[in-house]
Amino acid sequence: MKLSLSKVVGGCRLGTLTNLGRKENQSMEIPGCLLYTKMGSAPHLTHDTLQTVQNIPVVAQLSLSSLTDLHDVLADYKEGIGKFIGMPESLVYCSLHDPVSCSPAGYNTHKTVSIWGSGGRTELTASKFMAMQQAIRPDWFQCLSDGDTVAGEISKKRAKKSVDRSLSFLDECLHLQQKSPELQQSMMIGVIEGGNVLEERLRSARETAKRPVGGFLLDGFQGSTMAKETKLELLSFVTAELPAEKPRFIHGIGRPDEVMEYIERGVDIFESFFPYLVTERGCALTFNYDYHPNPKEAVLKENEQTDVEGKADETCNRPEEITSFEICLKEKRYQEDFGPLVKGCSCYCCQNHTRAYVHHLLMTKELLAGVLLMMHNFQHYFGFFCSVRNALKEDMVDQLKKSSSGSFSEA
Ligand SMILES: [Zn+2]
């Protein structure tokens, strides 16, 4: 994997990744995101419906936890996960956990890390982990690590332990990778742990950077137990320690305002579970990411925003997780709204259907609701990343943040 940075402005890194693992002819622009999948396929979408979505990320993410039951089958199959799921051309990044499901705390030991799949808990040693990767043959994979530092305040001792264990897993996995012909073209991503203890975070970053990893995963920033200020501060210090020429991944960060804050602190690659979560609650992403100034439209957009925020709709219980980046199509006010989800959106749903129709599908629990919302939400989210890169190219990141500030500040 080769990263060419074309520009670094105020911490944000703009660049292109080439030589992506097994498929050397593909490239990926950063900042960017991975395609969120369940076992390799995009949720709700067939391969054909996914192809109508614009700006699909070139690398698909799947989690090891969802593949534990398949290990034996894949080991016998001997051709890797890409071909097995019918997508031999896809680039695959294998993470330990699914960002959408929770992993209970307190199960990791000196020698093992636990992951949870449909069949329950699986305890992984470094050799079992590497045997699974050998059967999957991903292009990139997250190294085994002890990231059990997310829940609540952790002690210095626990933070130190997470770093020690993760470094020892890394060394063992690198050693096993050398001996595996199947994994010679796969890129291992080193994991930086250390909870909220700066000194451990820095040690983790420095030590991991000494090893021959393809990139770095900044782990343990998901969840809300660590204060946001602490996270951002830690992150700035950690990314400053990392070599510039390797990409930095983060897990569990999906909200557009947070993505911006993390990009400004030197993070390159995100996930795309956020549009999936939005879809699952019957919502559509509507936040603005067009940063080119157009005063007349800006006023219109502002009014529209106030309108949406202003009327609480008692027909829909608005669970707390609904963010100001989205609208809830289950609300009765959309029953006779014959406009698209987002004016001007070129996705299949907005081109062919109305908010009223999606509302109806949701009310009658038709599976098509999930399909249409997923198509729109993915396209909107991937479009946001394109807009971030263009804004970086044109030195207009502040304008981008302002143009979406209606939604960003309310969040
Ligand atoms: Zn759309």
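Placement of Cβ uses the backbone N, Cα and C atoms for every residue, glycine included.
Please treat TrEMBL annotations as automatic predictions, because they have not gone through curation.
These come from TrEMBL:
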- 12-403: domain 'tRNA-guanine(15) transglycosylase-like' (DOMAIN)
- Cys345, Cys347, Cys350, His376: Zn(2+) binding site (BINDING)
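The binding-site residues considered are Cys345, Cys347, Cys350; of these, Cys345 has the fewest other C-beta atoms within 10 angstroms of its C-beta. The Cβ neighbour count for His376 (Zn(2+) binding site), using a 10 Å radius and every protein chain shown, is 28. According to its DSSP assignment, His376 (Zn(2+) binding site) is helical.
Close to the recorded Zn(2+) site, the chain also has Pro340, Leu341, Val342, Ser346, Tyr348, Cys349, Gln351, Met375, Gln379, His380: residues not among Cys345, Cys347, Cys350, His376 whose Cβ is within 8 Å of the site's Cβ mean position. Model confidence over the domain 'tRNA-guanine(15) transglycosylase-like' (12-403) is summarised by a mean pLDDT of 91.
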